[in-house]
Amino acid sequence: MFYTGSFWFIFFILPAIPFCHSWSVNNFLMTGPKAYLIYSSSVAAGAQSGIEECKYQFAWDKWNCPERTLQLSSHSGLRSDLNIHSTGASPAGSGLYDTGPTSPVWSINFNRILFSRLESHFNKTFLSRLQIPFPQGHTVQSATSLSTGFLSPANRETAFVHAISYAGVMYTLTRNCSLGDFDNCGCDDSRNGQLGGQGWLWGGCSDNVGFGETISKQFVDPLETGQDARAAMNLHNNEAGRKAVKSTMKRTCKCHGVSGSCTTQTCWLQLPEFREVGNYLKEKYHKALKVDLFHGAGNSAASRGAIAETFRSISKKEIVHLEDSPDYCLENKTLGLLGTEGRECLKRGKALSKWEKRSCRRLCGDCGLAVKERRADMVSSCNCKFHWCCAVKCEQCRKSVTKYFCVKKEKRGGGIPRKKESKLKKKL
């Protein structure tokens with residue numbers, strides 16, 4: 001499988017999609033729990049790849065896609081909650097299975113919900129063979145009693161998380177389909193033999209992006225049961241994520257002709273590296289559109305109509321949000337924000353981009369913090385040599401590196417900060 005891992009990661013609540021729902025893709029019909037079992041691991045892995053890409057794209061931003069603020073809540077309170085179960089150790093103080101305002105993104109456990117909803121269809125012996133891990137102290141019976149008090153803000157960062165997560169789901173489903181992981185789909189050859197443009201025909205094995213789009217929609221979009229502005233925003237950003245995958249598809253061609261003359265070409269569409277999808281959506285994030293609607297509205301037919309009309313007028317490729325972002329320089333426990341104090345930044349390095357080189361100014365200076373230099377020793381393998389037969393032996397080299405961190409500005413004698421002290425001197 002293209003994306004796998006030692007965890008289950010998913011961001012929706014299964015009860016929103018009835019198990020009697022029928023799935024029809026490429027003339028292959030599935031009903032009931034089988035559909036979830038076949039695709040759930042790809043959906044989970046795709047969501048995880050989206051979050052990892054989010055962390056990469058915002059690594060040197062004030063908001064760096066922190067786990068505590070990734071919850072994709074919506075008007076129902078539990079529509080889009082992210083969850084992760086990992087066999088590795090969780091970060092200190094992460095509260096992996098806590099709930100409440102400061103709970104991390106992974107507060108709702110998909111595995112418990114999956115088990116509880118499948119119990120009525122399969123016996124427990126079969127379910128135990130699936131080897132879906134449970135958090136300590138939780139059972140199938142407790143799976144339905146889930147709640148959280150944290151509703152993520154409808155700002156551009158939440159919008160990006162929706163878009164990149166659902167792009168990851170569609171991307172992974174498409175890739176795994178082309179790799180033959182599903183019996184009911186394969187390459188998209190629907191246009192093979194047709195004229196694609198001057199001098200080339202469709203042919204080869206195109207990645208089946210239509211399959212990935214269809215399944216991701218059927219898994220995700222029905223969860224948005226609300227008709228308010230927040231639900232409309234989430235659905236719009238879901239689609240923006242899927243459009244990003246389609247917009248970044250690459251056309252690959254093969255020449256045909258005598259002696260490599262390339263008289264004609266056959267071409268097919270391939271998925272790009274997921275990094276390109278992330279780059280595409282990061283640009284959309286910077287140009288995100290704010291929709292001036294009250295995001296709690298939606299109880300009347302008139303307001304629902306106004307919301308629908310507003311979102312129809314916006315391109316599906318654009319990321320949209322309803323609220324302004326908070327000040328990410330500052331700690332905000334209610335929103336699960338830690339601020340930029342203590343964050344590492346970059347200053348020097350040949351391979352650094354302009355954005356990375358300016359990270360200390362952005363994370364520290366712009367937030368009223370100082371940059372502190374720290375020296376650290378790193379040990380790594382070096383001078384590796386191949387020895388017959390058959391081993392590679394390396395030396396352990398110690399290297400001193402310089403790292404930079406954002407810290408509070410030092411105070412001079414008397415406890416007066418430097419800026420305030422200079423103002424005081426002027427008055428005197």
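Placed from the backbone N, Cα and C atoms, the Cβ positions cover glycine too.
In the three-state DSSP scheme, C54 (disulfide bond) is classed as helix. Every protein chain shown contributes to the tally, and the Cβ of C54 (disulfide bond) ends up with 25 other Cβ atoms within 10 Å. Taken from Swiss-Prot, the feature disulfide bond covers C54-C65 (among others).
Cβ neighbours of C177 (disulfide bond) (same chain, under 8 Å, six or more residues apart in sequence): C185, G186, D207, N208, F211, G212. For C177-C185 (among others), the entry in Swiss-Prot reads disulfide bond, with the evidence type similarity to another entry.
Cβ neighbour count for C187 (disulfide bond) (all protein chains, 10 Å cutoff from its Cβ): 15. Annotation note: C187 (disulfide bond) sits in a coil segment as assigned by DSSP. Taken from Swiss-Prot, the feature disulfide bond applies to C187-C205 (among others), supported by similarity to another entry.
Annotation comment: Swiss-Prot describes C253-C267 (among others) as disulfide bond, evidence class similarity to another entry. In this structure, C253 (disulfide bond) is part of a beta strand by DSSP. Taking Cβ-Cβ distances under 8 Å and a sequence separation of 6 or more, the neighbours of C253 (disulfide bond) in its chain are W200, Q265, T266, C267, W268.
In sequence order, S261, C262, T264, Q265 constitute the residues six or more apart from C255 (disulfide bond) in its chain with CB-CB distances below 8 Å. Taken from Swiss-Prot, the feature disulfide bond applies to C255-C262 (among others).
The disulfide bond annotation in Swiss-Prot covers C329-C367 (among others). In sequence order, K62, G339, T340, D366, C367, G368 are the residues of the chain that are 6 or more apart from C329 (disulfide bond) and have a CB within less than 8 Å of its CB.
C345 (disulfide bond) falls within a strand when secondary structure is assigned with DSSP. The disulfide bond annotation in Swiss-Prot covers C345-C360 (among others), and the record cites similarity to another entry as its basis.
Here Swiss-Prot flags C364-C406 (among others) as disulfide bond. Here the Cβ of C406 (disulfide bond) has 24 other Cβ atoms within 10 Å, regardless of which shown protein chain they belong to. C406 (disulfide bond) carries a strand DSSP state (E or B).
Counting every protein chain shown, 11 other Cβ atoms lie within 10 Å of the Cβ of C382 (disulfide bond). Here Swiss-Prot flags C382-C397 (among others) as disulfide bond.
Cβ neighbours of C394 (disulfide bond) (same chain, under 8 Å, six or more residues apart in sequence): S381, C382, N383, C384, K385. Residues or ranges marked as disulfide bond in Swiss-Prot: C384-C394 (among others).
Here Swiss-Prot flags C389-C390 (among others) as disulfide bond, drawing on similarity to another entry. Around C390 (disulfide bond), no same-chain residue at least 6 positions away in sequence has a Cβ under 8 Å from its Cβ.
Taken from Swiss-Prot, the feature N-linked glycosylation site covers N123 (among others).
Look at N176 (N-linked glycosylation site): DSSP puts it in a helix. The N-linked glycosylation site annotation in Swiss-Prot covers N176 (among others) and rests on sequence analysis.
Annotation source Swiss-Prot lists N-linked glycosylation site at N332 (among others), citing sequence analysis. For N332 (N-linked glycosylation site), the Cβ neighbour count at a 10 Å cut-off comes to 13, with all displayed protein chains included.
For S259 (O-palmitoleoyl serine), the number of other Cβ atoms no farther than 10 Å from its own Cβ, over all displayed protein chains, is 5. Sequence annotations record features per position, and here Swiss-Prot assigns O-palmitoleoyl serine to S259.
The feature signal peptide is assigned by Swiss-Prot to 1-22, with sequence analysis given as support.
For the recorded positions N176, C205, S259, N332, C389, a Cα to Cα distance of within 10 angstroms from C406 (disulfide bond) holds for none.
Of all the disulfide-bonded residues listed here (C205, C267, C345, C364, C367), the one with the fewest other CB atoms within 10 A of its own CB is C205. Other C-beta atoms found within 10 angstroms of the C-beta of C262 (disulfide bond) number 14, with every protein chain shown included.
Checking each of the recorded positions C54, C65, N332, C345 against N176 (N-linked glycosylation site) by C-alpha distance, the shortest gap belongs to C54. In space, C205 is the closest of the recorded positions C205, N332, C345 to S259 (O-palmitoleoyl serine), judged by Cα positions.
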